[in-house]
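Colleague: TrEMBL lists these features:
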type: ACT_SITE; residues: 10; note: active site
type: ACT_SITE; residues: 138; note: active site
type: DOMAIN; residues: 68-146; note: domain 'GHMP kinase N-terminal'
type: DOMAIN; residues: 306-376; note: domain 'GHMP kinase C-terminal'
Ligand SMILES: C[C@@](CO)(OP(=O)(O)O)[C@H](O)COP(=O)(O)OP(=O)(O)OC[C@H]1O[C@@H](n2ccc(N)nc2=O)[C@H](O)[C@@H]1O
Ligand SMILES: Nc1ncnc2c1ncn2[C@@H]1O[C@H](COP(=O)(O)OP(=O)(O)O)[C@@H](O)[C@H]1O
């Protein structure tokens with residue numbers, strides 16, 4: 001017997017980096033969103049006198065020892081349960097490694113859920129979240145799914161009101177970006193005074209420089225204090241929360257056919273919530289051309305229109321784009337501003353190198369996928385994954 005778990009990925013709809021903390025991590029405020037693209041983690045486990053963990057994978061870049069996030073999670077869970085077991089984990093990699101899509105973190109969460117099911121035990125919710133945070137800053141979000149607010153170093157998570165599933169294209173450039181290195185690069189540009197750790201009202205201009213709009217301190221040529229930056233991260237977390245509530249009220253206000261609960265199907269015309277776009281080809285036997293209806297489009301447009309001004313941007317673009325200029329070009333192709341199929345929003349995910357675009361319809365998403373592929377960059381067709389679907393689809397047959 002074994003348990004197969006879909007290990008879904010994430011994107012960061014917005015990400016603001018704050019100062020380095022005493023523990024070496026950076027304060028962070030981000031809005032995570034889970035995606036249907038996934039790895040598959042298979043766990044088999046039985047109780048034993050002594051714990052023995054073994055791990056296999058189809059991807060040579062993934063460590064198969066105690067450095068693996070899934071291994072750390074299994075060991076940590078057994079220690080907390082005071083239980084010994086023989087555990088085998090297989091990770092079928094489909095997601096990019098070092099892609100900024102939280103793949104390794106999601107593998108850890110999936111391994112925990114698979115292990116619990118195999119052994120017929122469960123940690124308490126708080127204990128799960130606490131264990132997840134010891135494995136990585138990005139792991140706790142995968143115990144919530146859907147739209148998630150992340151603060152602290154990204155590990156303090158709160159579920160946000162969900163958005164209906166949205167067609168999405170993920171561009172996978174052929175480079176990996178190391179997360180610690182990207183944070184170090186950010187520190188270097190902040191230290192040189194070229195960038196400011198950003199808050200709710202600052203804007204990145206096209207060339208990646210931070211405009212000093214809305215900050216009297218900066219407009220006057222001053223520098224931000226750590227406390228000031230922290231205040232702005234807090235402000236931004238309120239903005240993300242309110243964006244999600246505001247878009248929810250847009251939905252409720254315009255719902256002539258009844259208010260739809262977050263994460264429930266029915267918000268989008270056609271079969272979008274049922275699309276299985278979790279595989280590499282993005283193939284599905286269902287109709288994929290349905291447009292988002294007015295309801296969903298309004299919610300999205302509200303997020304994008306209000307969100308961009310309020311800080312729905314990713315600070316990592318300022319350090320990753322100058323190092324890999326082709327990524328800026330890939331973002332432009334995802335955006336497709338001059339095309340008939342422009343993105344609602346496009347950005348780098350996390351520290352990269354993956355980029356994503358969100359679209360009104362699957363037809364627009366397919367056109368964007370073709371634009372990116374035409375330039376020789378791999379592009380995957382998928383959709384955002386609301387919380388209900390995240391949990392409903394997690395355990396594979
Ligand atoms: C940047 C983000 C944004 O979602 O995603 P990715 O691009 O990796 O997917 C995450 O914060 C990544 O989370 P995760 O990959 O779990 O990182 P961790 O294992 O906790 O930390 C790896 C290293 O990144 C740096 N780090 C991470 C998080 C943080 N808030 N500050 C940091 O300085 C530290 O150098 C740390 O040693
Ligand atoms: N289960 C795992 N899957 C992938 N990478 C892992 C895993 N466990 C540890 N790693 C290490 O973590 C690094 C980054 O992991 P990954 O989650 O793919 O990137 P990102 O944090 O950018 O989303 C990899 O280079 C790899 O060495």
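One is the number of the first residue shown, and numbering goes on along the chain from there.
Cβ from N, Cα, C; glycine included.
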Colleague: Out of 10, 138, give me whichever of these active-site residues has the highest number of other Cβ atoms within 10 Å.
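Modeller: The residue with the densest Cβ neighbourhood is 138.
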Colleague: Residue counts in helix (H, G, I), strand (E, B) and coil for the domain 'GHMP kinase N-terminal' (68-146), per DSSP?
Modeller: 45 helix, 8 strand, 26 coil
Colleague: For the domain 'GHMP kinase C-terminal' (306-376), what does DSSP give as the number of helix, strand and coil residues?
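Modeller: Going through the domain 'GHMP kinase C-terminal' (306-376) residue by residue, I get 36 helix, 10 strand, 25 coil.
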Colleague: Which of the three DSSP states, helix, strand or coil, fits residue 10 (active site)?
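Modeller: DSSP assigns residue 10 (active site) to strand.
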Colleague: Determine, to the nearest whole angstrom, how far the Cα atom of residue 10 (active site) is from the Cα atom of residue 138 (active site).
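Modeller: Checking the Cα atoms of residue 10 (active site) and residue 138 (active site) gives a distance of 9 Å.
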Colleague: When the pLDDT values for the domain 'GHMP kinase N-terminal' (68-146) are averaged, what is the result?
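Modeller: Looking only at the domain 'GHMP kinase N-terminal' (68-146), pLDDT averages out to 97.
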